[in-house]
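Written out below as structure tokens is the structure these notes cover.
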Amino acid sequence: LNILVDTGSSNFAVAGVPDPDVTSYFDAELSSTYRSEGIEVTVKYSQGSWTGVLGTDVITMPKGIYGSYTINIATILESENFFLPGVKWHGILGLAYDALAKPSSSVETFFDSLVRQAKIPNIFSLQMCGAGLPVSGSGTNGGSLVLGGIEPSLYTGDIWYTPIKEEWYYQVEILKLEVGGQNLQLDCREYNADKAIVDSGTTLLRLPEKVFSAVVQAIARTSLIQEFSSGFWTGSQLACWDKTERPWALFPKLSIYLRDENSSRSFRISILPQLYIQPILGIGENLQCYRFGISSSTNALVIGATVMEGFYVIFDRAQRRVGFAVSPCAEVDGSPVSEIEGPFTTADVASNCVSSVSFHEPVLWIASYALMSLCGVILLVLIILLLIPPRCQHRYTDNDVVNDESSLVRHRWK
């Protein structure tokens, strides 16, 4: 089975029944090692969801980590907008923290199981090679997942690390964005509203709405295109050029500044237009069409595949940091399409661009506090009634039952 590597969720799951959009599935009844836990689990993503049953099975690694290991695995029995027409994968490997695991954080994640049983270092790294790039030379567009370490042949130059702000998603702190070398001049908290994460399971670079609008305006202002359809920026339309043209020369470089481990310094990761103006399909013999690899988001800045394809990304859980280095497979026509530069001073930005109180689901929190306030008022009324002289009290019979149960559930959605 082909498995989607997702650093933005925490369950390992594979298709467990036939599905029109998958070519293969795991038939648990034919397995001698699979054990069902009989626990139903549902996972929702920003797009799509699935419902399945938790179980355990035995895995071996193809190379480097020898032995057999028992891990949690969900068999997907129903799904909606999860397996899509034309996808080449049959399941998902969630590599985020157990805080995101469903139905609860007590479900040990795949990687935590491997670290505990195989005694490998608590670090993995990911090189994504060109899902949106044309393959050049002898390279592949598969990339590499390295469990337990860092592979020197997968990057060039230095690795720059930024701290993980909270261990659920790989949440980082973004200090500013530049388009064509020009600072967007937004409050740095706008870039982290309500979180900024590194997520290989998200295809595009997703930006909070205010940041997205500023980026689109800056790209349109600095590009060499006078008139451009708004549908291109919103993702509803493609832009097409003659196949002999290279439209990337018309667009600016995009830079993201991340706080360094030394909080008084920062570094920037930059992607050239070859990564965010993405070739999709050709029309006839003469036209090549492209999509905009950036979209808006209501609840996060997501460094997705659009950016990650330019870098070798290290998820150093042991030292609570994410590292970036230039990937040698991020080349188009023999030229690099990603850059890392630093260090830069952080004197011009706030000392903390992430809210100290993380309201990951603001609406749920507001509702929760409203309910608690209501319960407090009801409790106060009950106390007052208890203190009123007996002649004013209601005479309760044995059949009267006062039962107040409340449950505040914090759902984390990708």
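Indices start at 1 and increase along the chain as displayed.
Any Cβ shown, glycine's included, is placed from N, Cα and C.
Sequence-distant neighbours of D6 (active site) (same chain, 6+ apart, CB under 8 A from its CB) are I92, L93, G94, L95, A96, D199, S200, G201. The annotation active site is assigned in TrEMBL to D6 (among others).
Summarising the annotation, TrEMBL assigns active site to D199 (among others).
Under the heading disulfide bond, TrEMBL lists C129-C329 (among others). A simple way to gauge crowding: the CB of C329 (disulfide bond) has 23 other CB atoms within 10 angstroms, across all the protein chains here.
Cβ neighbours of C353 (disulfide bond) (same chain, under 8 Å, six or more residues apart in sequence): E173, I174, L175, C188, R189, Y191, N192, R259. As annotated by TrEMBL, disulfide bond applies to C188-C353 (among others).
Over all protein chains present, the Cβ of C289 (disulfide bond) has 15 other Cβ atoms lying within 10 Å. If you look up TrEMBL, you'll see C240-C289 (among others) marked as disulfide bond.
Per TrEMBL, domain 'Peptidase A1' is recorded for 1-325.
Marked as N-linked glycosylation site by TrEMBL: N262.
Feature annotation from TrEMBL assigns transmembrane segment to 363-388.
Each residue contributes its Cα atom, and for C289 (disulfide bond) and C129 (disulfide bond) those atoms are 21 Å apart. If you average pLDDT over the domain 'Peptidase A1' (1-325) in this model, you get 91.
C240 (disulfide bond) and N262 (N-linked glycosylation site) are 44 Å apart (CA-CA, integer value). For the pair formed by C129 (disulfide bond) and C240 (disulfide bond), distance between Cα atoms is given as 24 Å, rounded to the nearest Å. Each of the disulfide-bonded residues C188, C240 was scored by the number of other CB atoms within 10 A of its CB, and the lowest score belongs to C240.
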